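Notes follow the structure.
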Amino acid sequence: NHTQPKFILLGITDSPWAQAPLFGLFLLIYIVTLAGNVGLMVLVWVAPSLHTPMYFFLTHFSLADICYSTVISPKMLTDLLFGTKTISWAGCMTQFHLFALFVTAECYLLAAMAYDRHVAICHPLLYVTVVSPRACWQLVACSYLVASLSALVFTSCTFGGSFCGPRRVDHFFCDVSPVLRLVCSDTRGSEAAIFALATANGLGTSVVILLSYGRILHTILGMRSAPSRARAFHTCASHLASVSVFYGTLFFMYLQPVSRHGSRDKVASVFYTVVSPMLNPFIYSLRNKEVKAALGKCRRRMLNHC
């Protein structure tokens, strides 16, 4: 592991003419991602009407979006702009570890958000008791704790082998499958451990999400008010669309053997590392009437001060 201390990231494409357009596109996406998620966090902090469990979870969800997007995007943008696609062994391992941590945390935060909505819609009289501030902090703390332990396992399995030959990572960041392909020693045990843990995290949280939204839809169908049903269906549909894109690409990437991975991995990775963090603030909150009302109040307050 010390004879060749650097990896070479081959990037999204090796076409010179595509580097500048891709840099401009991904820079714009990254700026929108930061602006949307930071803006949402600040709005929740300054607007008393948004001091509820739902937006508490959303702020942590936005924080996870910012963190794992920042782990990937700046390095990718630098590589596209300057063509310096090398990364140290420690840098590669750190990038993957942080990425695994925040992506896994986001899975558990999505499950916590789905559970919060389930209690709010299906058991409104118990909501204040069940989803208390203490329970919210416990759910968030457990999300980060499980994510931290999972990331340690993922990282040790991915970087615990012996690397030899040219360390050319056929990806735009240090991910499991392209790094494991460079390992000279037997990786079957590492692959099995990664697959088992990814399955437990992914399927476990997705089952909670599907059961929660299933109960929500069942409750919605029992509502007598047509406008209430329409609003609830609209909210659930947009949330489930975001969850489907996120989990669909994750399952495609991590619930298959390393030998089956190919060029389509880069396209799938772009969705959950670059596109999804940009869209989430708009899907989960900025189309929400409470957020729009809070934005309006903040705007009027700023205009009055001016």
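Every residue, even glycine, has its Cβ placed from backbone N, Cα and C.
All TrEMBL annotations are machine predictions without curation.
Residues 12-13, 55-56, 58-59, 62-63, 65-66, 69-70, 73-74, 76-77, 80-81, 274-275, 277-278, 280-282, 285-286, 291, 294-295, 297-298 of the same chain, all 6+ positions outside the transmembrane segment (20-47), place their C-beta atoms under 8 angstroms from a C-beta of that stretch. Sequence annotations record features per position, and here TrEMBL assigns transmembrane segment to 20-47 (among others).
Positions annotated as domain 'G-protein coupled receptors family 1 profile' by TrEMBL: 36-284.
The annotation transmembrane segment is assigned in TrEMBL to 54-76 (among others).
For 96-115 (among others), the entry in TrEMBL reads transmembrane segment.
Look at TrEMBL and you will find 136-163 (among others) tagged as transmembrane segment.
Annotation comment: TrEMBL describes 192-211 (among others) as transmembrane segment.
Annotation source TrEMBL lists transmembrane segment at 232-255 (among others). A Cβ distance under 8 Å defines the sequence-distant neighbours of the transmembrane segment (232-255), meaning residues of its chain 6+ beyond its ends; these are 103, 106-107, 110, 114, 117, 121, 175-177, 194-195, 198-199, 202, 206, 209, 213, 216-217, 220, 223, 261, 265, 268-269, 271-272, 275-276, 279-280, 283-284, 287-288.
Residues 12, 26, 29-30, 32-33, 36-37, 39-40, 55, 58, 61-62, 65-66, 68-69, 72-73, 99, 103, 113, 171-173, 175, 238-239, 241-242, 245-246, 249-250, 252-253, 292 of the same chain lie 6+ residues outside the transmembrane segment (267-286) yet bring a C-beta within less than 8 angstroms of a C-beta in it. As annotated by TrEMBL, transmembrane segment applies to 267-286 (among others).
Stretch with the most C-beta contacts under 8 angstroms to the transmembrane segment (136-163), considering only 54-76, 96-115, 192-211: 96-115.
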